[in-house]
Amino acid sequence: MRSVELLSLAALGSLVAAAPAPSRVSDLTKRSSTCTFTAASQATESASGCSEIVLDNIEVPAGETLDLSDVDDGTTIVFEGTTTFGYKEWSGPLIRFGGKDITVKQNSGAVIDGEGSRWWDGEGTNGGKTKPKFMYAHSLEDSTITGLSIKNTPVQAISVQATNLYLIDITIDNSDGDDNGGHNTDGFDISESTGVYIRGATVKNQDDCIAINSGENIEFSGGTCSGGHGLSIGSVGGRDDNTVKNVTITDSTVTDSANGVRIKTVYDATGSVSEVTYSNIKLSGITDYGIVIEQDYENGSPTGTPTTGVPITDLTIDGVTGTVESDAVEVYILCGDGSCSDWTWEGVDITGGETSSKCENVPSGASC
């Protein structure tokens, strides 16, 4: 009887040993795979487990988001061919990314085309048709978006709320909107972020090339901006997060735009702007202001009356040079009493326009 029991146990052990390892091997095999999708729903629903996701000539249905915010950590996302979107009046976004250690890139010749002219009516987000935001780079951590070619977004292009995100060699071309009613087509809108590094961007649009509304440790370098509203901080104030700190905007050009360098804070709001540096910025064809810093914005427009609730401190303007149009203002500074301080102002040489007679409370060292 004892020998039978031993034989039974031995047989059981052999069966266990011979059984395949459970999910670990199959999971690892699946994780190492490249998944190619030709439909947005496939990518959204089946991306889990793919180490690389290839989006092959995706046509996103009207009113839907190409949602890649729930992919596995470490995933690489590749755009192939032309990505397009069906038409519907809605708020969007058309694309959403999220996750940790994510890489987003495209193959040669690919383009992400918003076909924004279907929505453009000259009003942007201020009225008319409801227009979808284009891309949300939200909840990304330790990630990179590189080499994307984006064309004709309905309104704002890339909204960033992230930690340690690199955006490298991004092209946003909304130049078709110049004559077709493009409006509020911001390039990069940054808020509630820590560590955002935008390098080598090319932006052609009808609004801010970059707008930093809140966040810290932000860099914009080697950028080329044209047609829009320039390199902007703000408007700061009136949001959940109203702190902008440690920003460097450097080695960039702004051409044929309303403004070159701009900082704006909200009338009667609270917050702070500190440790901001603009350096080696080249301007040409500026139509409104070469440099404009004002603490008077309300409902998206200047009031002419500055307030002190969002101080601008430790600001460096170094090597901002170039030309503005003859009816533009070279430099305009409108600060509240004592709310602009510790500024460094060097190598500013802007010519061709008018000198403002309306500057107020210009801090020591700056000139207006």
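Positions of Cβ are set from backbone N, Cα and C atoms, glycine also.
Scan Swiss-Prot for N-linked glycosylation site across Asn246, Asn299 and the hit is Asn246. When Cβ-Cβ distances under 8 Å to the repeat 'PbH1 1' (140-162) are tallied for each of 193-214, 244-265, 307-352, the top count falls to 193-214. Taking Cβ pairs closer than 8 Å, the repeat 'PbH1 2' (167-192) reaches residues 116-117, 120-126, 137, 144-153, 155-161, 198-215, 218, 220, 225-228, 239-241 in its own chain, all 6 or more past its ends. In this structure, the C-alpha atom of Cys50 (disulfide bond) lies 37 angstrom from that of Asp207 (active site, proton donor). Counting residues of the repeat 'PbH1 3' (193-214) by DSSP class, helix then strand then coil, yields 0 helix, 14 strand, 8 coil.
Other C-beta atoms found within 10 angstroms of the C-beta of Cys340 (disulfide bond) number 27, with every protein chain shown included. For the pair Cys359 (disulfide bond) and Asp207 (active site, proton donor), the C-alpha distance works out to 24 angstrom. Here the repeat 'PbH1 4' (215-235) sits against the repeat 'PbH1 6' (273-295); at least 3 CB pairs are under 8 Å, leaving out pairs fewer than 6 apart in sequence.
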